[in-house]
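According to TrEMBL, the protein carries these features:
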REGION    1-20  region 'Disordered'
BINDING   GLY107, GLY109, ARG110, LYS129, ASP141, GLY142, ARG192, ARG199, ASP278  ATP binding site
ACT_SITE  ASP268  active site, proton acceptor
BINDING   ASN269, ASP278  Mg(2+) binding site
Amino acid sequence: MPSSPAVQPDDSLASPFDWPGRPHAAPGFARLGERFLTRLPPLPMPASPYLVGFSPEAAAPLGLSRAGLDTPAGLDVFVGNAIAAWSDPLATVYSGHQFGVWAGQLGDGRALLLAELQTADGPCEVQLKGAGLTPYSRMGDGRAVLRSSIREFLCSEAMAGLGIPTTRALCVIGADAPVRREEIETAAVVTRLAPSFVRFGHFEHFAANEKLPELRALADFVIDRFYPACRAEAQPYLALLREVARRTAELIAQWQAVGFCHGVMNTDNMSILGLTLDYGPFGFLDGFDANHICNHSDTGGRYAYAQQPQIAYWNLFCLAQALLPLFGSRNDNDGTAFVDLSDEAQAQPAIDAAQAALLVYRDTYGAAFYARYRAKLGLTQAHDGDEALFGDLFKLLHTQRADYTLFFRHLADVRRDDTPADAQARTVRDIFFDRDSADAWLADYRRRLQTEPLPDDARAEAMRRVNPKYVLRNHLAEIAIRRAKEKDFSEVEHLRTVLARPFDDHPGFERYAGPAPDWAASLEVSCSS
């Protein structure tokens, strides 16, 4: 497709906003040029902005304080009413598969990359989501709503607190401007941070349009900035695929271990860096259901909890297909040759190499999955019977819809010499309605603990470091959203503070650790945001 013409920033939007110690801004993705992006200003908000939420943890590498941002000039920059001198706003183009179907050109339909800041931790892209129409908006209005922006803000920071790779959320800024969804809602902008927002779909876009020099330029950009060790490999682009597969496998194992459901694992929502990206209709498991569907729009269950590992592999397969033309490039040639996929003699070796590279995903995911569940159960050694123990547990949790987070948190209190009558055992068994089945599994678990070297207290402490007390259950987010609509942002702040340290006790906030109330069963989240 021809590149979209650049839109020159309006000088009337220029802002002197800055802060002491701001990291140096330097071109990152923007260096790739106009074939990859369109420069344009944000669309000003037709209402006064106000700060809804701020993450000091996300802001720390930027050296930006809440007080520094929460000024008229700061709010204007981060809501899209003004453009700071260090900012060069742009939207990027990508394509992708959505719900397993090729969707063609997509792109940043309501997100603008403001700048790349060079922090002590590395490059940090600053992106506004909900900043207005772009050439890639398709049928959208370029806006985001308060409801979904609060959810993304809280979950980004909750996942960071859990130690799961993720984009970050610096802040949410609201404005009393109407936005039409299923009903009229309030506009908001969330500022997202990441080393890079490059997605699988960026590669798919240039491969599908047979823009092979651009495809290679994008791969070189990613390798040189984020996977430099791949450059030393005989085939750097194959090495890139292997590393992305490895990171993705580790990420999905972490999702499964905490009961996180993404909800819309389209290829354009998959990070090339193995980050959790695009928080839409996500959810954490309440009662364990392996087939749980968190996205009301996912009527076929494609992105159900149990399907996530396979879907991630499918998405990696799409990435591999996009990269196939590069798999003839070696470090011992000039790197200008592309694989001619119409020539079987060239195509088949590239396909075979890609399939071999993707085996890394299967092996890494299996190892990471079992390592994380051993840690959740307080097991420091691998035994032959562990897979059966895990399988029996998942069956028990599934058939009884036991609360996933509470079960693992309370399991730390079980002692190897407990009996079903002991208080610690009762706390766990009372999560189940079929106590006999729970007792049978707990008996197997205690026998397994007899083979472990750690004493009970040390094991319990280790388990509490990997089994969170707090996760962002949907009803907690809903309560925060309802209060925010009334201009009470205290619940957003309380939740953010607790979820930043989800393994710790937080006196006064025990209500966040309880099971979902009955009314939460009626909550539905969808792709509408």
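Each residue, glycine too, has its Cβ placed from N, Cα and C.
Keep in mind it's a predicted model, so treat the numbers as computed, not measured.
Feature map: annotations from TrEMBL on the structure.
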residue : record                       : Cβ neighbours (10 Å)
GLY107  : ATP binding site             : 23
ARG110  : ATP binding site             : 23
ASP141  : ATP binding site             : 16
ARG192  : ATP binding site             : 26
ASP268  : active site, proton acceptor : 22
ASN269  : Mg(2+) binding site          : 20
ASP278  : ATP binding site             : 23
Separation of alpha carbons, ASP268 (active site, proton acceptor) and ARG110 (ATP binding site) (Å): 14
Max CA-CA distance, Å, over listed ATP-binding residues GLY107, GLY109, ARG110, LYS129, ASP141, GLY142, ARG192, ARG199, ASP278: 22
Separation of alpha carbons, ASN269 (Mg(2+) binding site) and GLY107 (ATP binding site) (Å): 11
Cα-to-Cα gap, the residue listed as 'active site, proton acceptor' vs ASP278 (ATP binding site), nearest whole Å: 9
Integer Å distance between the CA atoms belonging to ASN269 (Mg(2+) binding site) and ASP141 (ATP binding site): 19
Distance from ASP278 (ATP binding site) back to ASN269 (Mg(2+) binding site), taken between C-alpha atoms, in Å: 6
Per DSSP, three-state class assigned to ARG192 (ATP binding site): strand
Coarse DSSP state, helix versus strand versus coil, of GLY107 (ATP binding site): coil
DSSP-derived class (H/G/I helix, E/B strand, else coil) of ASP141 (ATP binding site): coil
